[in-house]
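Structure record follows, encoded as C-alpha coordinates.
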Amino acid sequence: MNMSGVNTVTEFILLSFPCSREVQVLLFVLFSVSYILTLMGNGAIVFAVKLDHRLHTPMYTLLANFSFLEMCYINTTVPNMLRNFLSDTKTISFTACFLQFYFFFSMGITETFLLPLMAFDRYLAICRPLHYPTIMSSHLCMNLVGLCWVTAFLCYPVPIYFITQLPFCGPNIIDHFVCDPGPLLALSCIPAPGIELSCSILSSLIIFITFFFILWSYTLVLRAVLRVPSAAGRRKAFSTCGSHLAVVSLFYGTIMMMYISPTSGNPAGIQKIVTLLYSAVTPLINPLIYSLRNKDMKIALRKIQMFTKTGQSKQEFMSEPRS
(Lines of atoms letter the chains of each structure in order from A and count residues from 1; the text may use other names and numbers.)
(Lines give C-alpha, C1' and ligand atoms only; values in the text may rest on other atoms or scores of the structure.)
Protein backbone atom coordinates (compact mmCIF):
# COMPACT_ATOMS: atom_id res chain seq x y z
CA MET A 1 0.00 0.00 0.00
CA ASN A 2 1.17 3.53 -0.74
CA MET A 3 1.90 5.10 2.64
CA SER A 4 2.15 8.68 1.35
CA GLY A 5 -1.27 9.39 2.79
CA VAL A 6 -0.27 8.50 6.33
CA ASN A 7 -2.15 10.61 8.87
CA THR A 8 -3.81 12.77 6.22
CA VAL A 9 -6.73 12.93 8.65
CA THR A 10 -6.17 16.01 10.83
CA GLU A 11 -9.39 15.75 12.81
CA PHE A 12 -12.08 13.27 13.73
CA ILE A 13 -15.83 13.66 14.03
CA LEU A 14 -17.29 12.26 17.27
CA LEU A 15 -20.92 11.47 16.48
CA SER A 16 -21.73 11.09 20.19
CA PHE A 17 -25.52 10.56 20.38
CA PRO A 18 -27.06 11.51 17.00
CA CYS A 19 -30.58 12.89 17.47
CA SER A 20 -32.68 15.99 16.88
CA ARG A 21 -31.53 19.44 18.02
CA GLU A 22 -34.13 19.53 20.78
CA VAL A 23 -32.99 16.19 22.21
CA GLN A 24 -29.35 17.34 21.96
CA VAL A 25 -30.17 20.36 24.12
CA LEU A 26 -32.05 18.15 26.58
CA LEU A 27 -29.06 15.79 26.81
CA PHE A 28 -26.77 18.78 27.30
CA VAL A 29 -28.82 19.95 30.28
CA LEU A 30 -29.09 16.43 31.72
CA PHE A 31 -25.37 15.69 31.49
CA SER A 32 -24.44 19.18 32.68
CA VAL A 33 -26.42 18.62 35.88
CA SER A 34 -24.90 15.15 36.26
CA TYR A 35 -21.40 16.58 35.70
CA ILE A 36 -21.85 19.30 38.32
CA LEU A 37 -23.30 16.86 40.86
CA THR A 38 -20.39 14.47 40.27
CA LEU A 39 -17.82 17.19 40.90
CA MET A 40 -19.71 18.42 43.98
CA GLY A 41 -20.19 14.94 45.47
CA ASN A 42 -16.63 13.76 44.99
CA GLY A 43 -15.25 17.17 45.88
CA ALA A 44 -17.18 17.10 49.16
CA ILE A 45 -15.55 13.78 50.09
CA VAL A 46 -12.06 15.12 49.29
CA PHE A 47 -12.81 18.29 51.24
CA ALA A 48 -14.18 16.36 54.24
CA VAL A 49 -11.16 14.06 54.47
CA LYS A 50 -8.72 16.96 54.09
CA LEU A 51 -10.37 19.14 56.76
CA ASP A 52 -11.31 16.56 59.39
CA HIS A 53 -8.12 15.25 61.00
CA ARG A 54 -10.12 12.32 62.43
CA LEU A 55 -10.44 11.03 58.87
CA HIS A 56 -6.68 11.11 58.29
CA THR A 57 -6.49 7.32 58.21
CA PRO A 58 -5.44 5.06 55.32
CA MET A 59 -9.04 4.04 54.57
CA TYR A 60 -10.24 7.63 54.15
CA THR A 61 -7.01 8.72 52.44
CA LEU A 62 -7.68 6.05 49.82
CA LEU A 63 -11.31 7.15 49.56
CA ALA A 64 -10.27 10.79 49.06
CA ASN A 65 -7.80 9.79 46.36
CA PHE A 66 -10.47 7.66 44.70
CA SER A 67 -12.91 10.59 44.71
CA PHE A 68 -10.24 12.91 43.30
CA LEU A 69 -9.58 10.33 40.58
CA GLU A 70 -13.29 10.23 39.72
CA MET A 71 -13.26 14.01 39.30
CA CYS A 72 -10.29 13.74 36.92
CA TYR A 73 -11.82 10.75 35.13
CA ILE A 74 -15.07 12.47 34.28
CA ASN A 75 -13.18 15.51 32.99
CA THR A 76 -11.57 13.40 30.26
CA THR A 77 -14.90 12.77 28.52
CA VAL A 78 -17.87 14.84 29.67
CA PRO A 79 -16.70 18.42 28.86
CA ASN A 80 -15.99 17.48 25.25
CA MET A 81 -19.27 15.54 25.07
CA LEU A 82 -21.16 18.60 26.33
CA ARG A 83 -19.46 20.78 23.73
CA ASN A 84 -20.46 18.33 21.00
CA PHE A 85 -24.13 18.44 22.02
CA LEU A 86 -24.22 22.14 21.06
CA SER A 87 -21.75 21.95 18.18
CA ASP A 88 -22.67 21.57 14.54
CA THR A 89 -19.30 20.11 13.50
CA LYS A 90 -18.57 17.80 16.50
CA THR A 91 -14.90 17.69 15.53
CA ILE A 92 -11.85 16.88 17.63
CA SER A 93 -8.29 17.32 16.38
CA PHE A 94 -6.03 14.33 15.75
CA THR A 95 -3.76 15.28 18.66
CA ALA A 96 -6.63 16.04 21.05
CA CYS A 97 -8.27 12.72 20.21
CA PHE A 98 -5.19 10.71 21.16
CA LEU A 99 -4.58 12.84 24.25
CA GLN A 100 -8.13 12.07 25.33
CA PHE A 101 -7.51 8.38 24.59
CA TYR A 102 -4.36 8.46 26.74
CA PHE A 103 -5.83 10.24 29.76
CA PHE A 104 -9.12 8.34 29.58
CA PHE A 105 -7.34 4.98 29.69
CA SER A 106 -4.71 6.10 32.20
CA MET A 107 -7.41 7.28 34.61
CA GLY A 108 -9.33 4.04 34.09
CA ILE A 109 -6.24 1.94 34.80
CA THR A 110 -5.51 4.04 37.89
CA GLU A 111 -8.99 3.13 39.13
CA THR A 112 -8.33 -0.58 38.52
CA PHE A 113 -5.21 -0.20 40.70
CA LEU A 114 -6.81 1.87 43.46
CA LEU A 115 -9.75 -0.48 43.96
CA PRO A 116 -7.51 -3.51 44.79
CA LEU A 117 -5.48 -1.27 47.11
CA MET A 118 -8.68 -0.31 48.93
CA ALA A 119 -9.62 -4.01 49.16
CA PHE A 120 -6.15 -4.83 50.55
CA ASP A 121 -6.57 -2.08 53.15
CA ARG A 122 -9.87 -3.63 54.32
CA TYR A 123 -8.24 -7.07 54.38
CA LEU A 124 -5.48 -5.81 56.68
CA ALA A 125 -7.92 -3.90 58.91
CA ILE A 126 -10.27 -6.87 59.39
CA CYS A 127 -7.96 -9.90 59.12
CA ARG A 128 -4.82 -8.37 60.69
CA PRO A 129 -6.20 -5.74 63.09
CA LEU A 130 -3.28 -5.85 65.54
CA HIS A 131 -0.67 -5.40 62.81
CA TYR A 132 -2.73 -2.98 60.68
CA PRO A 133 -1.41 0.32 62.16
CA THR A 134 2.20 -0.74 61.67
CA ILE A 135 1.76 -2.29 58.21
CA MET A 136 -0.55 0.27 56.59
CA SER A 137 1.06 3.48 57.81
CA SER A 138 0.14 6.83 56.28
CA HIS A 139 3.55 6.97 54.62
CA LEU A 140 3.15 3.55 53.00
CA CYS A 141 -0.41 4.36 51.98
CA MET A 142 0.64 7.52 50.12
CA ASN A 143 3.56 5.68 48.47
CA LEU A 144 1.20 2.95 47.24
CA VAL A 145 -1.26 5.54 45.94
CA GLY A 146 1.54 7.31 44.08
CA LEU A 147 2.71 3.99 42.65
CA CYS A 148 -0.83 3.33 41.35
CA TRP A 149 -0.93 6.67 39.53
CA VAL A 150 2.57 6.46 38.07
CA THR A 151 2.24 2.83 36.92
CA ALA A 152 -1.15 3.47 35.32
CA PHE A 153 0.15 6.43 33.33
CA LEU A 154 3.06 4.32 32.03
CA CYS A 155 0.89 1.50 30.66
CA TYR A 156 -0.45 2.98 27.43
CA PRO A 157 2.07 5.45 25.91
CA VAL A 158 3.70 2.76 23.74
CA PRO A 159 0.44 1.25 22.32
CA ILE A 160 -0.91 4.75 21.67
CA TYR A 161 2.29 5.76 19.88
CA PHE A 162 2.00 2.79 17.52
CA ILE A 163 -1.67 3.57 16.84
CA THR A 164 -0.77 7.17 15.93
CA GLN A 165 1.69 5.82 13.35
CA LEU A 166 -1.07 3.98 11.48
CA PRO A 167 -2.32 5.59 8.25
CA PHE A 168 -5.60 7.44 8.77
CA CYS A 169 -6.63 8.59 5.32
CA GLY A 170 -10.40 8.68 5.76
CA PRO A 171 -13.19 8.35 6.65
CA ASN A 172 -12.79 10.20 9.96
CA ILE A 173 -16.18 9.61 11.63
CA ILE A 174 -16.11 7.92 15.06
CA ASP A 175 -19.51 6.62 16.14
CA HIS A 176 -18.77 7.27 19.82
CA PHE A 177 -18.50 10.16 22.29
CA VAL A 178 -14.88 9.35 23.21
CA CYS A 179 -11.76 8.37 21.26
CA ASP A 180 -11.79 4.66 22.04
CA PRO A 181 -9.24 2.22 20.55
CA GLY A 182 -11.85 0.02 18.85
CA PRO A 183 -13.44 2.75 16.69
CA LEU A 184 -10.02 4.35 16.08
CA LEU A 185 -8.42 1.14 14.82
CA ALA A 186 -11.44 0.57 12.59
CA LEU A 187 -10.63 3.86 10.80
CA SER A 188 -7.07 2.86 9.95
CA CYS A 189 -6.42 2.37 6.23
CA ILE A 190 -4.60 -0.87 6.91
CA PRO A 191 -5.52 -3.65 9.34
CA ALA A 192 -3.47 -3.71 12.54
CA PRO A 193 -4.24 -7.05 14.21
CA GLY A 194 -0.99 -6.98 16.20
CA ILE A 195 -1.77 -3.63 17.82
CA GLU A 196 -5.39 -4.63 18.40
CA LEU A 197 -4.32 -7.90 20.02
CA SER A 198 -1.69 -6.24 22.21
CA CYS A 199 -4.20 -3.64 23.45
CA SER A 200 -6.72 -6.39 24.17
CA ILE A 201 -4.16 -8.52 26.05
CA LEU A 202 -2.92 -5.54 28.07
CA SER A 203 -6.46 -4.51 29.06
CA SER A 204 -7.46 -8.09 29.87
CA LEU A 205 -4.40 -8.71 32.04
CA ILE A 206 -4.91 -5.52 34.03
CA ILE A 207 -8.63 -6.14 34.50
CA PHE A 208 -8.40 -9.83 35.42
CA ILE A 209 -5.35 -9.59 37.70
CA THR A 210 -6.78 -6.70 39.71
CA PHE A 211 -10.28 -8.22 39.77
CA PHE A 212 -9.07 -11.58 41.08
CA PHE A 213 -6.91 -9.82 43.66
CA ILE A 214 -10.05 -8.06 44.93
CA LEU A 215 -11.95 -11.37 44.99
CA TRP A 216 -9.11 -13.00 46.93
CA SER A 217 -9.00 -10.14 49.45
CA TYR A 218 -12.73 -10.21 50.10
CA THR A 219 -12.83 -14.00 50.29
CA LEU A 220 -10.38 -13.77 53.20
CA VAL A 221 -12.36 -10.87 54.67
CA LEU A 222 -15.60 -12.87 54.47
CA ARG A 223 -14.01 -15.83 56.23
CA ALA A 224 -12.73 -13.55 58.99
CA VAL A 225 -16.05 -11.73 59.39
CA LEU A 226 -18.02 -14.98 59.69
CA ARG A 227 -15.81 -15.93 62.63
CA VAL A 228 -16.69 -12.75 64.53
CA PRO A 229 -18.88 -13.80 67.47
CA SER A 230 -20.71 -10.47 67.76
CA ALA A 231 -23.58 -9.80 65.35
CA ALA A 232 -22.95 -6.05 65.69
CA GLY A 233 -19.29 -6.60 64.76
CA ARG A 234 -20.27 -8.59 61.69
CA ARG A 235 -22.73 -5.88 60.60
CA LYS A 236 -20.08 -3.17 60.98
CA ALA A 237 -17.55 -5.15 58.95
CA PHE A 238 -20.07 -5.92 56.21
CA SER A 239 -21.16 -2.27 56.13
CA THR A 240 -17.57 -1.10 55.74
CA CYS A 241 -16.88 -3.51 52.88
CA GLY A 242 -20.33 -3.31 51.28
CA SER A 243 -19.77 0.16 49.81
CA HIS A 244 -16.51 -0.86 48.22
CA LEU A 245 -17.98 -4.07 46.80
CA ALA A 246 -20.86 -2.12 45.26
CA VAL A 247 -18.40 0.22 43.51
CA VAL A 248 -16.26 -2.73 42.36
CA SER A 249 -19.31 -4.50 40.93
CA LEU A 250 -20.43 -1.42 38.98
CA PHE A 251 -17.01 -0.60 37.60
CA TYR A 252 -15.72 -4.07 36.74
CA GLY A 253 -19.07 -5.26 35.44
CA THR A 254 -19.16 -2.52 32.80
CA ILE A 255 -15.49 -2.54 31.76
CA MET A 256 -15.56 -6.33 31.35
CA MET A 257 -18.55 -5.98 29.04
CA MET A 258 -16.63 -3.39 27.04
CA TYR A 259 -13.05 -4.65 26.87
CA ILE A 260 -13.14 -8.38 27.61
CA SER A 261 -15.94 -9.32 25.22
CA PRO A 262 -15.02 -8.85 21.54
CA THR A 263 -15.49 -5.17 20.73
CA SER A 264 -16.32 -5.87 17.11
CA GLY A 265 -19.32 -7.89 18.21
CA ASN A 266 -20.90 -5.05 20.18
CA PRO A 267 -23.11 -2.58 18.30
CA ALA A 268 -21.97 1.04 18.50
CA GLY A 269 -25.00 1.94 20.61
CA ILE A 270 -24.16 -0.72 23.21
CA GLN A 271 -20.53 0.44 23.31
CA LYS A 272 -21.60 4.01 23.99
CA ILE A 273 -24.07 3.07 26.73
CA VAL A 274 -21.58 0.78 28.51
CA THR A 275 -18.80 3.40 28.26
CA LEU A 276 -21.20 6.01 29.59
CA LEU A 277 -22.00 3.80 32.59
CA TYR A 278 -18.44 3.37 33.81
CA SER A 279 -17.08 6.78 32.74
CA ALA A 280 -19.92 9.11 33.80
CA VAL A 281 -22.61 7.29 35.80
CA THR A 282 -20.43 5.44 38.32
CA PRO A 283 -18.46 8.59 39.28
CA LEU A 284 -21.85 10.22 39.98
CA ILE A 285 -23.22 7.50 42.26
CA ASN A 286 -19.97 6.53 44.02
CA PRO A 287 -20.17 9.46 46.50
CA LEU A 288 -23.74 8.43 47.33
CA ILE A 289 -22.68 4.82 47.93
CA TYR A 290 -19.84 5.81 50.25
CA SER A 291 -21.56 8.65 52.12
CA LEU A 292 -24.90 6.90 52.68
CA ARG A 293 -23.29 3.74 54.08
CA ASN A 294 -20.51 5.35 56.14
CA LYS A 295 -21.37 6.93 59.48
CA ASP A 296 -18.09 8.85 59.85
CA MET A 297 -18.36 10.25 56.34
CA LYS A 298 -21.96 11.36 56.90
CA ILE A 299 -20.90 13.19 60.08
CA ALA A 300 -17.99 14.86 58.30
CA LEU A 301 -20.21 15.93 55.38
CA ARG A 302 -22.79 17.40 57.78
CA LYS A 303 -20.00 19.32 59.47
CA ILE A 304 -18.89 20.66 56.09
CA GLN A 305 -22.42 21.93 55.51
CA MET A 306 -22.34 23.72 58.85
CA PHE A 307 -18.81 24.94 58.11
CA THR A 308 -19.88 26.58 54.85
CA LYS A 309 -23.00 28.14 56.40
CA THR A 310 -21.39 29.55 59.56
CA GLY A 311 -17.96 30.44 58.15
CA GLN A 312 -16.03 28.71 60.92
CA SER A 313 -12.27 28.66 60.85
CA LYS A 314 -10.55 25.45 59.84
CA GLN A 315 -9.30 24.96 63.42
CA GLU A 316 -12.81 25.28 64.86
CA PHE A 317 -14.15 22.84 62.28
CA MET A 318 -11.49 20.23 63.03
CA SER A 319 -11.84 20.54 66.79
CA GLU A 320 -15.60 19.93 66.87
CA PRO A 321 -16.48 16.62 68.52
CA ARG A 322 -18.27 13.91 66.59
CA SER A 323 -21.90 13.62 67.52
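Numbering starts at 1 and runs along the chain as displayed.
Note that Cβ sites are derived from N, Cα and C of the backbone, with glycine treated the same way.
Taken from TrEMBL, the feature transmembrane segment applies to 25-48, 60-78, 98-120, 140-162, 201-225, 237-261, 273-292. Feature annotation from TrEMBL assigns domain 'G-protein coupled receptors family 1 profile' to 41-290.
Counted as Cβ pairs under 8 Å, contacts with the transmembrane segment (60-78) are highest for 98-120 among 98-120, 201-225, 273-292. For the transmembrane segment (98-120), same-chain residues at least 6 beyond its ends with a Cβ under 8 Å from one of its own Cβ atoms are 59, 62-63, 65-66, 69-70, 72-73, 76-77, 80, 92, 144-145, 148-149, 151-153, 155-157, 160, 163-164, 178-181, 184, 206-207, 210, 213-214, 217-218, 244, 247-248, 251-252, 255, 278-279. Per-residue pLDDT, averaged across the domain 'G-protein coupled receptors family 1 profile' (41-290), gives 87.
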